[in-house]
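Since the structure comes first, as structure tokens, the remarks are kept for the end.
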Amino acid sequence: MDTNLLFSNFCQGGCSWNHSTFVFFCLVNMAARSDFGNNPETDGDFHADEKVLPKDGADTQLESTAVVDPVLEKALVRKQDRRIIPLAAGIYLLCYLDRSNIGNAKVLNHTTGHDLLTETNMSNYDFTIALMVFLIAYALFEVPSNYFLKKMKPSRWIAFLMFSWGTITICLGAAHSYAVVTVLRFLLGVFEAGLFPGLVYYLTFWYKPEERSVRVATILASATLAGAFGGAIAYGVGHMNQVHGLSGWRWLFILEGIPSVLSSILVWFGLPDFPESASWLSAEEKDVAAYRLAEQGSHGDSKAMTWEDIKETLFEWRLWCHYLIYFGISAPFSSLSLFTPSITAGLGFADLRAQLMTVPPYAAAYVVTLLVSWSADRYNARALHSAAFSLIGAIGFIASATLPADSYSPRYGCLIIACCGSFACIPPLLGWLSSNLHSTAAIGLAIALNISMGAPGQIVGVWIYKAEEAAKGYPTGHWTNAGLLLFVSVGCIGMHGYYVWRNRRAAGTDQPRFKY
């Protein structure tokens, strides 16, 4: 395969040469270290009706004839869920609150002249730049952050990230100029970059591939909850305008940054790192956890990622198809997260009521995202679910763009449909990618690259909702998102067909099967 051509395509796909070079040298550095990733020799299938042998001394002896009691395994997974998933979802909810509240701050108390743009002397163009620098930092630091997560233990690294982004969010409440807002947003991107790919990678320490998608969905769905909570909080905080001389948007940053700082203490002490070091698991449960993930998971004491693992991840063209599809969904995801308050303000809802009306679209999207993710896992049809709901999202945007600008109620309904489709198709996409990584040694890198390649799409998302088009109903934004979602739908169907074809060719051989 022509590696020069691949690097050329990589750069032309939306990443600058500096970004590519940065990622390349990070990968070389990771390959040289001895404690990143893992290198299992095989990637076989697990049979749920097997039982595990007890420990032999200090080491877990897992023989090929060992089998796992399905009742014990099911109890173990439920125990892990109670300990891990609510905490992980809460962490991401706080992260997303602190990331997206700048969209609320832009229009909060606008009618009284106490909004973010007025008090920091920022134009709409300046505001867009402040959004974009966050995404640049986000793209640059996703891959190296996954390295540090493994090196420093998940609980330590994630707690550090939380404390840092919470502190920066609080500092945004004291900003008085465009320069300060821009610098702080860049730093916010640096520290938030590693969280979501880190959480997805973290789940590979605890769950088998077929168990991850619905749990990733639960975590990701908390972003829609953050949107709902963010609108409700902004509505309440708007009534605090000029309390103790501070405008409502300043209170918004302060009050939403404090929980992240305080919660970092809980994460430091309460987030379990790896099954083998979990004090709340019995010796038998640790044996079960180790055996069931021996060939399909990542490990706290795993071997180094090799250069062969890195090359397999970087130069496998089908993975770049997954990354390109994720690029397509990133613009709708980004633009809805940041501009929903502006969109609702353009639908006839004034000031604080515009904040409150952001709640129903996000609340509906939360429910739909969980249901779609459950269904995709239940019927093992992640590609088709993503294709269907990206199409539904596209229909919502197309309808919103073609309806008259003053058709407020119908366009509000279209916004709800667009939100549901855009958010619901993402978890199956991520689960689909991780289930088709036959070498789990590079899974952390592949996940980080996938989300990092979505950053150019998110940058597109911050530019397409133009303030001067508010009276027209933001047609550029709606049509762009519709086109990208149609691209995602077609891409999912195409990759689904390719995997079906590959599996048919591999019938009767020992070649790995693809999941779709």
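Every residue gets a Cβ built from N, Cα and C, even glycine.
What TrEMBL lists as domain 'Major facilitator superfamily (MFS) profile' is 84-516.
According to TrEMBL, the feature transmembrane segment maps to 122-141 (among others). Residues 15, 19, 22, 99, 102, 106, 116, 178, 181-182, 185-190, 192-194, 334, 338, 452, 455-456, 458-459, 462-463, 466-467 of the same chain sit 6 or more residues outside the transmembrane segment (122-141) yet have a Cβ under 8 Å from a Cβ within it.
Feature annotation from TrEMBL assigns transmembrane segment to 157-178 (among others).
According to TrEMBL, the feature transmembrane segment maps to 184-204 (among others).
Here the transmembrane segment (216-237) has long-range neighbours at 85, 88-90, 92-94, 96-97, 100-101, 104-105, 108, 196, 199-200, 203, 248, 251-252, 255-256, 337, 340-341, 352-353, 355-359, 361-363, 365-366, 369-370, 372-374, 419, 423, 426-428, 430-431, 434, meaning same-chain residues at least 6 beyond its ends whose C-beta is under 8 angstroms from one of its own. According to TrEMBL, the feature transmembrane segment maps to 216-237 (among others).
Residues or ranges marked as transmembrane segment by TrEMBL: 249-271 (among others).
Annotated transmembrane segment per TrEMBL: 320-339 (among others), in sequence order.
Per TrEMBL, the feature transmembrane segment maps to 359-376 (among others).
Listed as Cβ neighbours of the transmembrane segment (383-403) (distance under 8 Å, sequence separation of 6 or more from its ends, same chain) are residues 328-329, 332, 368, 372, 375-376, 410-411, 414-422, 424-426, 428-429, 432, 473, 475, 478-479, 481-483, 485-486, 488-490, 492-493, 495-496, 499, 516. If you look up TrEMBL, you'll see 383-403 (among others) marked as transmembrane segment.
Under the heading transmembrane segment, TrEMBL lists 409-430 (among others). Tertiary neighbourhood of the transmembrane segment (409-430): same-chain residues 200, 213-214, 216-217, 220-221, 223-224, 322, 325-326, 329, 332-333, 336, 340, 343-344, 347, 357, 360-362, 364-366, 368-369, 371-373, 376, 382-383, 385-397, 399-400, 403, 447, 450, 473, 478, 481, 485, 488, 492, selected by CB-CB distance under 8 Å and a gap of 6+ residues from either end.
Marked as transmembrane segment by TrEMBL: 442-464 (among others).
Within the same chain, residues 318, 321-322, 324-325, 328-329, 331-332, 383-384, 386-388, 390-391, 393-394, 397, 421-422, 425, 429, 436, 457, 460, 514-516 sit at least 6 positions outside the transmembrane segment (484-501) and bring their C-beta atoms closer than 8 Å to a C-beta of that stretch. According to TrEMBL, the feature transmembrane segment maps to 484-501 (among others).
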